[in-house]
Structure formats: C-alpha cells, structure tokens
Amino acid sequence: MWQLVFFALSCDLVLAAAYNNFRKSMDSTGKRQYQVQHGPCSYTFLLPETDNCRSPSSSYVSNAVQRDAPLDYDDSVRRLQVLENIMENNTQWLMKLESYIQDNMKKEMVEIQQNAVQNQTAVMIEIGTNLLNQTAEQTRKLTDVEAQVLNQTTRLELQLLEHSLSTNKLEKQILDQTSEINKLQDKNSFLEKKVLDMEDKHIVQLQSIKEEKDQLQVLVSKQNSIIEELEKQLVTATVNNSVLQKQQHDLMETVHNLLTMISTSNSAKHSLVAKEEQIIFRDCAEAFKSGLTTSGTYTLTFPNSTEETKAYCDMETGGGGWTVIQRREDGSVDFQRTWKEYKMGFGSPSGEHWLGNEFVSQVTNQKRYVLKIHLRDWEGNEAYSLYEHFYLSSEEFNYRIHLKGLTGTAGKISSISQPGNDFSTKDADNDKCICKCSQMLTGGWWFDACGPSNLNGMYYPQRQNTNKFNGIKWYYWKGSGYSLKATTMMIRPADF
C-alpha cells in the first residue's frame, strides 16, 4: 500500500515539473514547440507563432522628439489588443494541454495503480501465506516445547518435593544428633573436670606420699645409725664381760626390790576394785545423778545382764552425764578393724576408742537417747551436730543407725545419710555401693554409697590433712577432702 502511494506522488511531481518547465519556456524563449520526457514516453507540444510582435529593429529611440503623438497612441492600442488576443489563445492552448495531460495521466495512473495493487496483493498474499505457515510451524514447535517444559517442570517439582522431605528428615536427624552431641559434650566436660580434680588430688597425694617417704628414709637412716651404735655397744659389752656380771648382780637386787613393790601395789589395787564394784551404772547419766560429777572412766553394765564394759563419762560438757562412744584425737589407735572388734569395742576409754556397737544398741533401745557429735579442725575451730533421737538396731539388722531432729553448727544437713544405713567394716560390706566403701575409705561406719561422712577414717596429721578422701570427714562442715583433727561421739538420755 505504501508503495502505491509513493508511486502516485512520484507521478504527480513529474507532471508538475513538466508543466512548470513548459510555462517557463514560453515566458522566456517564445519557441514554437516544447518537448516533455516522462519515462519511456515523450510529449511534444506545437504552439502558434506571434506575428504581430514588434521586432527589436522597430524600436525607437527613447530620447527622440515626439512630433506625432496621436498617431502613435492608436497604433499602441491596436498592438495591445493583438497581444491580448495572442495571450488568450496561448491560455486556451495551455488549458487544453493541461486537460489533455490530466486525462492521459489519470488513465495511466489508474492502470499503474491497478497493476501495482494486483502485484502487491499477490505478493502480500504470498507473504501472508508464508507467514501463516511459519506461524503455524512456530506454534506447533512452541506447543511441543511447552509440553516438554511442563513435563520437565512436573518432574522437577516432584524431585524438589522429595528433596524437601529428605531435607526436613535430615534436619530433624541433625537437630537430634546435635542435641545428643551437646549432652555428650556436657557429660564429657563434667567428666574432664572430675578427672582434672582427681589428677590434682592425686598429685597432692603423691606429693604427700613422697614427703612421707622422705621422712621414712630419714627415720631409717637414723635407725641405722642407732643400730650401728647398738652394735658398737654390744661389742663393747661382750668385751667387758666382767662389767656385765657386776651389772647383772645389781639388776637382780633391783628386781627383788621391784617384786616387793609390786606385791604392795596389788593389795592396794584389790581394795580399789572392790570399791568400784560397789558403784556400777547403766550409763554415765546414772553415775552423774548418783553424785559422781568428775569426768573419767567408769564401769557400765549391759541392760538386763551382768556383763560389764569400761566407758569414759564426760561430766562437764552441756551439763554432764554424757557416755562417750567414740573418740579420735591423735591417731594412736587403728580404726580399720573387723566386725567383731567394732561389736565389742576397742581402744582405751581415756584415749582413742570405740565403745562397742552391741552395748550402744542395747542401751539406746531401753529409752530415748540423744546423740552429740563434737568436731575440731586443725585451725582450732569447733562445731557440733546434735540429734534429738538416736538408736541402733540389733546385730540382726547390722546395727542400723536411726536419727531424727538435727541441730547444731556443723551443717544444716546431716552428714550421716538418712534414712538409716547399715554398719559396714572391712570384713562385712553392708553399704549401698559395689565398691566396698569400708575398704576404700578405711574404718567401720554407716556408709550409704560411701556417703558424706566417716569419723573412723584414716588419721592424717596437720599439713597432710587436705585432699584426703579416706580421712576423718564431715562433708557439710569441711567438705569431702578435709581430714579433721579430733572428734567425739557421746550419748545421753533425752530426759536427762
């Protein structure tokens, strides 16, 4: 369509150019013919001649003297009329020419436009057909691609869903494993801390053992020097046999004098024993009430029996009347004893001793007793725990301890585990631990799973009493690794 419009405009411009050239030629030259070339066509126009036009030779001089003025005026009017006629003829010819050109050009333009339209229409139809075919082919290809993309998208969505489910499952497993790892790390940290503490304590114990070893080596060296000195003295004594004989004679006289003194002291002892037999009590409270208010060793009888035992009576602490059932003060007595020894008692009542589980069990089951435990550390501090009700079961129940109503300054919590635990020794394991606490911590005691206390443990001297888990300990006063200097356990009737 645009090509047709362009072609029509081109033809109009050509015709206009030809007409302008024709008019210019007529105005400037006055020729009889005019030729127009348009494409393969050539147009020639014949024009009439202007015979009445004045020639240049007939021109007159402008400065001539005008003598016959009227004659010249008529001639000029006539010539003007001729020129006007000529102009009218030329105008008519031009109008005819224009009409002819327009008629011919219209026909040619119509033919050209029809041919152009037909050609363009065929071309456009062919182009449209090709475009439709290409569009159909592209549409088919796009449909195939869309189907492939849809299938691929569906498959990817399924894979994505599967991956999402797998990812969620893995995330849950990772969270569970992370939680387990954190728990294991906490346990590991706790165990590492315990191991480090044990290593530190082990190092301290090794240092203490090393110091004891050095002391023993010094003692052995001293003993070696003493033995050498004794050997020298023995050699000297062997050589000086005569001197020994004289000394033997002197010794015989001394022995005779000693025998005389012993016989005299035996008679005095018999009289003292007879006096003691007259004052026998079931506990120290009865002795106190009878007027004996001096602390010391007294003879006590088992309830409902004539069997006797020696016990130390504290007649000063807290109003007196206390029967001491245990004392630790210098480490002179070994408390790693058998079941039978703890049952009957051992040691000296005036020093370190254990009164005996059987006697304490029988006495505390006759009436209600209180138990007082007095403690002293190596810095001179003292504390106590007082139980308002205390008794021991019989041997049938392993002398199980029973305590109620704790007061005192040695901790707000009882360091003897409750409810009551059975008594254990190195040859009778009655605790609640598979580790045999009596053998690990030494001494007989009411162990739970070893527990927070043991007043019958190993005695450690000053500067060696820390970080000792088998020492004399009372956890809720000094902790589990501090070994005390002195302890006293004593009982008294609750109604005293």
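Using the three backbone atoms N, Cα and C, a Cβ is placed for every residue, glycine included.
Since we're looking at a predicted model, the values are computed, not measured.
Taken from Swiss-Prot, the feature Ca(2+) binding site applies to D429, D431, C433, C435, supported by similarity to another entry. Under DSSP, C435 (Ca(2+) binding site) is assigned to coil, being neither helix nor strand in the three-state scheme. Of all the Cβ atoms in the protein chains shown, 13 others lie within 10 Å of the Cβ of C435 (Ca(2+) binding site).
Annotation source Swiss-Prot lists disulfide bond at C284-C313 (among others). DSSP assigns C313 (disulfide bond) to a strand segment in the three-state reduction. For C313 (disulfide bond), other Cβ atoms within 10 Å of its Cβ number 27.
Within its own chain, C433 (Ca(2+) binding site) has F447, D448, A449, C450 as residues 6 or more apart in sequence whose C-beta sits under 8 angstroms from its own. According to Swiss-Prot, the disulfide bond annotation covers C433-C435 (among others), on the basis of sequence analysis.
Its own atom aside, the Cβ of C437 (disulfide bond) has 23 Cβ atoms within 10 angstroms in the protein chains shown. The disulfide bond annotation in Swiss-Prot covers C437-C450 (among others), and the record cites sequence analysis as its basis.
Swiss-Prot lists 275-495 with the feature domain 'Fibrinogen C-terminal', giving sequence analysis as the kind of evidence.
All protein chains shown were included, and the count of other CB atoms within 10 Å of the CB of N89 (N-linked glycosylation site) stands at 13. Sequence annotations record features per position, and here Swiss-Prot assigns N-linked glycosylation site to N89 (among others) based on sequence analysis.
Swiss-Prot lists N119 (among others) with the feature N-linked glycosylation site, giving sequence analysis as the kind of evidence. Less than 8 angstroms from the CB of N119 (N-linked glycosylation site) sits no same-chain residue that is six or more residues away.
In the structure as shown, the Cβ atom of N133 (N-linked glycosylation site) sits within 10 Å of 10 other Cβ atoms. The N-linked glycosylation site annotation in Swiss-Prot covers N133 (among others) and is backed by sequence analysis.
According to DSSP, N151 (N-linked glycosylation site) sits within a helical segment. When other Cβ atoms within 10 Å of the Cβ of N151 (N-linked glycosylation site) are tallied across all protein chains shown, the result is 10. The annotation N-linked glycosylation site is assigned in Swiss-Prot to N151 (among others) on the grounds of sequence analysis.
Per Swiss-Prot, the feature N-linked glycosylation site maps to N240 (among others).
Annotation comment: Swiss-Prot describes N304 (among others) as N-linked glycosylation site. In the three-state DSSP assignment, the secondary structure recorded for N304 (N-linked glycosylation site) is coil.
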Notebook entry, point to check: Taking the Cα atoms as reference points, how far is D429 (Ca(2+) binding site) from C437 (disulfide bond) in Å?
Noted result: 8
Check: To test your reading of the Ca(2+) site: which residues beyond D429, D431, C433, C435, same chain only, put their Cβ within 8 Å of the Cβ centroid of those residues?
Finding: S424, K432, I434, K436, C437, S438, M440, F447, A449, C450
Check: Within 10 angstroms of the C-beta of C450 (disulfide bond), what count of other C-beta atoms is obtained when all protein chains are considered?
Finding: 22
Margin query: Quick check for the class: what is the C-alpha distance, in angstrom and rounded, between N151 (N-linked glycosylation site) and N133 (N-linked glycosylation site)?
Written below: 27
Margin query: Rank the binding-site residues D429, D431 by how many other Cβ atoms lie within 10 Å of each Cβ and give me the one with the fewest.
Written below: D429
